[in-house]
Amino acid sequence: MTPAPHETGALEFFAYLSTAQVALAALVLTIVRVFALQRYKAAVEAHKAVEDAGSFWAFIAEICESFLVAGVLVFFIIRPFFIQAFYIPTESMENTLMGHDTFDPTTGQTYAHAVHDRIFVNKLIYRFTNPKRGDVIVFRAPKAADSDDIALGKPLKENILIKRVIGIPGDTIQIKQVGPYDYVFRNGVQLNEYHNPKLPYSIKDPMDPSLNPNFKYGFKSPVHLGPGQYWVMGDNRNYSFDSRYWGVVTRNRIIGKAFFIFWPLNRIGFIH
C-alpha cells in the first residue's frame, strides 16, 4: 500500500526537526539576542534615540530569549520524555484514526476527506507501566515490517508505526479465517472487534504466503506471546500490515501511547 502524500505544514515541520536543527536554531537565536543586547546597550550609553532604537533592540532580545526557553523546554524535555505530536497519513487505524478519504460500502457514502488526524502521544506512561490490551501504541517497526506501511509522519531511518494492542505477554493469539474474513481469538475467546471484519479487502491479503515474502505466521497453530512480546493490529484489518505480517512487537520498541486527537477541530477528543 502507498502512504498518503506527506504535508509540509507547520505542524509537520516542527514535529520532525532534528536535534541538530534545533541546536542550530538555538545558536542563531543566541547570536541575535547578544547582538540586540549590544545595540540596546550602545543606544543607552550614547543617549541617542533610547526610546526608539533602545526599546526596539530590548524587545528583540526578549523575543529571542523567549524562543530559546521554549525551544529548550519543548525539544529537549517535553518531546523526548513526555509528549510528542504525530499525524496519520494512512487508513490502517480507521475508523479510530483517520487518514485517507474513507468510503463506507454499507451506506455508499464517503465520510472523511483526507483528514490526516494530528495526535499526541504520551511517552512517559510506559516508563511506569506496561501496555494494556486495547491501547493504541506508537512504536519503532520490527525489521521485517514493510516500509510501505509507514503510519506516522514521514519516512525516517526507522519506520514509526501505530497499531492497537491485541495481545500482551502470556496471551495466546489465533486468527481463524472464515471465507475471506479474519476473526481474532485471544486465549480461545473470539474478540469483540473494533472493526467490521466483513468490509471488502482493498489490498492483497497479508496472510497469503504466496503474496508475502516476509510472511511469518500461517496461524495453523496459535501464537503464544512470551515475555516482552505484544501482538498488534490495525483497526482497519483489511488495510493494515501488522503482526499478522511481520510478527510481534517487543517491549523495547514501544515509544508511547496515543491518547488525544488535537486536529482537526471537529475531531478533537481522547483516543479509545
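Glycine residues also receive a Cβ, built from the backbone N, Cα and C atoms like all the rest.
Per TrEMBL, transmembrane segment is recorded for 13-36 (among others).
As annotated by TrEMBL, transmembrane segment applies to 56-78 (among others).
Residues or ranges marked as domain 'Peptidase S26' by TrEMBL: 63-263.
In the three-state DSSP classification, Ser92 (active site) falls within coil. If you look up TrEMBL, you'll see Ser92 (among others) marked as active site.
Cβ-based neighbour count (10 Å, all protein chains) for Lys163 (active site) stands at 27. According to TrEMBL, the feature active site maps to Lys163 (among others).
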(request) Calculate the per-residue pLDDT averaged over the domain 'Peptidase S26' (63-263) and state the result as an integer. (result) 75
(request) Could you measure between Ser92 (active site) and Lys163 (active site) for me? Cα positions, answer in whole angstrom. (result) 8
